[in-house]
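Asker: What TrEMBL shows for this protein is this:
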| type | residues | note |
| --- | --- | --- |
| SIGNAL | 1-16 | signal peptide |
| DOMAIN | 21-114 | domain 'Fibronectin type-III' |
| TRANSMEM | 144-162 | transmembrane segment |
| REGION | 171-211 | region 'Disordered' |
| COMPBIAS | 171-189 | compositional bias 'Basic and acidic residues' |
| COMPBIAS | 201-211 | compositional bias 'Polar residues' |
Amino acid sequence: MFFCLFPVPCLGPSLAHPDRPPSPVNVTVTQLKANSATVSWDVPEGDVVIGYAILQQRQDGQMQRFIREVNTTNRACVLWDLAEDADYIIQVQSIGLYGESQASKRVHFRTLKETDRLPSNSSNQGDITMEGLDKDRQLQTGEIIIIVAVLLMWAAVIALFCRQYDIIKDNDSNNNKEKTKPSSEHSTPERPSGGLLRSKVNPSSWIPTTA
């Protein structure tokens with residue numbers, strides 16, 4: 001592809017040659033943006049076309065650009081580095097084996113401003129974006145509900161386990177108390193066996209001795 005930024009003569013009618021291809025038809029400009037646009041065209045059937053040439057110029061004459069590409073069957077080209085909110089004129093030529101065709105009719109277009117949006121599919125893209133956000137929110141809400149349900153289930157299981165553990169612990173403590181009761185409560189008291197024998201002394205039988 002060849003780009004020419006210096007002023008070039010406008011493509012105009014050239015001498016017709018029987019072997020040269022006819023001029024492109026249905027030249028249109030689509031996908032307009034602030035700094036770019038896409039130009040497309042059709043080529044009549046039955047003619048050998050090996051490339052194309054495009055003359056792009058601003059309507060105020062400040063800049064001209066010549067685009068040329070061979071060995072291609074493309075029928076469209078993206079125009080880059082356009083000025084914002086500016087008027088342009090383009091013409092397209094077909095390149096054949098024996099030369100170039102006459103230039104197509106002039107097509108005028110105007111680039112958009114940076115704040116402008118493409119009118120086509122703009123609302124659809126917004127709808128798609130909002131639908132995607134809604135789906136994400138629904139997924140997040142569902143995940144939160146599942147997580148909360150699982151946490152509540154685990155809390156119930158833990159509470160049930162703690163309750164069963166307390167019941168088992170109380171039963172074990174009661175059993176231990178019953179085993180450690182004193183055996184004296186169920187036996188008869190023992191009577192003391194044996195004792196001290198006392199003898200009685202008659203005071204009248206005691207006779208003092210004299211020295």
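The chain as shown is numbered from 1 upward.
Glycine too: its Cβ is placed from the backbone N, Cα and C atoms.
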Asker: Under DSSP, the domain 'Fibronectin type-III' (21-114) has how many residues in helix, strand and coil?
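Answerer: The counts are 0 helix, 47 strand, 47 coil.
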Asker: Summarise the model's confidence over the domain 'Fibronectin type-III' (21-114) as a mean pLDDT value.
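Answerer: Here the mean pLDDT over the domain 'Fibronectin type-III' (21-114) amounts to 93.
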